[in-house]
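K.L.:
Got a structure here, written out as structure tokens. Questions coming.
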């Protein structure tokens, strides 16, 4: 599912934002997480990861912040990408291993593409911090978009959507 890969991509942009969004969605009941992933739906997880995400948004625009391509930040993006996508995959009832792989791949692509995009944007406008703020906002939006789509995939399964489309096409309404 491409939309889940986008959650990993978002992890490449910001390490803590996607997992914070997943925790919020689980806590609010939009993403059912049970078993090994149930901890994400607790208030302490929401608080911790929200604070980590907010701290990352601030730290990311500071000049002394290391490159996302350095081994530590790159590795953290891959690990948290694998974790957040594995939880989303688990909520869909899919094997966790597929989520781990999709998250790691998405985070790797997001890290490298985000770096290139950030450097390009900073060169174009001559300053880095506005591009960093925009990147943080984009990451929040992307993570919320993915979780919202996952929620609707669980609430409105594809077979239901297919029936709705079939009914509307028979009445001359395009799907």
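Glycine residues also receive a Cβ, built from the backbone N, Cα and C atoms like all the rest.
These numbers come from a predicted model, not from an experiment.
Below are the features I grabbed from TrEMBL:
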| type | residues | note |
| --- | --- | --- |
| TRANSMEM | 41-62 | transmembrane segment |
| TRANSMEM | 74-92 | transmembrane segment |
| TRANSMEM | 98-117 | transmembrane segment |
| TRANSMEM | 129-151 | transmembrane segment |
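Let's see these features in context: how buried, what's close, how far.
P.N.:
Remote same-chain partners of the transmembrane segment (41-62), defined as residues 6 or more beyond its termini with a Cβ less than 8 Å from a stretch Cβ, comprise 14-17, 19-20, 23-24, 26-27, 31, 33, 128-129, 132-133, 135-136.
Using a Cβ-Cβ cut-off under 8 Å and counting only residues 6 or more beyond its ends in the same chain, the transmembrane segment (129-151) has close neighbours at 3-4, 6-7, 9-10, 13-14, 17-18, 20-22, 25, 30-31, 57, 60-61, 88, 91-92, 114, 117-118, 121-122.
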